[in-house]
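Participant: According to TrEMBL, the record shows the following:
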- 137-271: domain 'Palmitoyltransferase DHHC' (DOMAIN)
- 315-394: region 'Disordered' (REGION)
- 37-55: transmembrane segment (TRANSMEM)
- 67-84: transmembrane segment (TRANSMEM)
- 183-208: transmembrane segment (TRANSMEM)
- 236-262: transmembrane segment (TRANSMEM)
Amino acid sequence: MSVMVARKKVVRKWEKLPGRNTFCCDGRIMMARQKGIFYLTLFLILGTCALFFAFECRYLAVQLSPAIPVFAAVLFLFAMATLLRTSFSDPGVIPRALPDEAAFIEMEIEATNGTVPQGQRPPPRIKNFQINNQIVKLKYCYTCKIFRPPRASHCSICDNCVERFDHHCPWVGNCVGKRNYRYFYLFILSLSLLTIYIFTFNIVYVALKSLKIGFLNTLKETPGTYPSTSLTVPTVLEVLICFFTLWSVVGLTGFHTFLVALNQTTNEDIKGSWTGKNRVQNPYSHGNIVKNCCEVLCGPLPPSVLDRRGILQQEESTAQEESCPRGPSAQEPTAAQGPDGQAEESSAQQKDGSLPHLSAVPAPSLSNAEMPEEKQLTSGELPVPSQDAGQAEH
């Protein structure tokens, strides 16, 4: 006998989320799909620091102080921790509207704007919102079917609306928004300090070696046994990487320090939202550098609204074969069985070529009131065919 069993299949919400994101570790890690430059960032940081710890740090710890590699390790670990926190977290993605919500919003917009004649451009879908006595426009997102909150924008790379959108950074492999901006700022700040630190002590290393054996001899030396080893190739490679990194990372850190002091985002600065022709005052700035820095870097971190690890349960029907003992009652359905059992029994007997048994044919369920008086039955009594009925058949 085949039995249909409903089995629940657990599906996490991150598996059904729209947008162009990559999820790992059962939805705990969220990144953009384009991660090639992020791997390059990891390679440059890990490679440069590995060369520094393997070669220069040993010599500097002996000649100057053992605190040099310790402080370099602290900077390295802090930079890596903030990088991974920025890359693997939800930047503040806003969920898209459900079909019912999107239909309701469309009805509201049509009721407000009215019907637009054919050939004319529909008016922009904008709502005005007041913040600190300043009018802020909320724009409608045609992809997410929502009116974006203030300072939110739609990322074309990740295909999501991000709250307090700053920019999409390919070097960290993720968007930078409300939930990971502080970690991004701490990452570029610590990376700048680490780059300056390694670059400086590489120069110190070359200077110390040059004082002992001369600059030219330092460059000519080949790798040998410590302490006479002068690893010229790794040192020159580190100096070149740090030199070119300084211009970009340190400059980027200075730019974002300026934005943090004004409580402004990169997106707003590029668009000129508060420094354009209208000279509109930034409604999010407190007018104080300390307050702006505290709000951006030390304010409460909002929770994610995606609920990536939430459970969506789906039922799957699977057929299983079960062998059940069939007794006498199971072989012949009684009159009290439903129509399904009667149909199965009659069809099985017709296949054998015999007529269905009388006991298998259900008796007509007529009440005593519907029968003639002489035909009325008492409870538990079976109907007996009358002689008149038999004569009529003959």
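Please read every residue number as a count from 1 along the shown chain.
Cβ from N, Cα, C; glycine included.
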Participant: Which one of these stretches, 37-55, 183-208, 236-262, has the most C-beta pairs shorter than 8 Å to the transmembrane segment (67-84)?
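Facilitator: The stretch with the most contacts is 183-208.
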Participant: By a Cβ-Cβ criterion of under 8 Å, what residues six or more beyond either terminus of the transmembrane segment (183-208) are in contact with it?
Facilitator: 45, 48-49, 52, 56, 59-60, 63-64, 68, 71-72, 75-76, 78-79, 82-83, 85-86, 89, 166, 169, 172, 176, 215, 218, 235, 238-239, 242-243, 245-246, 249-250, 252-253, 256-257, 260, 296-297
Participant: Compute the average pLDDT of the predicted model within the domain 'Palmitoyltransferase DHHC' (137-271).
Facilitator: 84
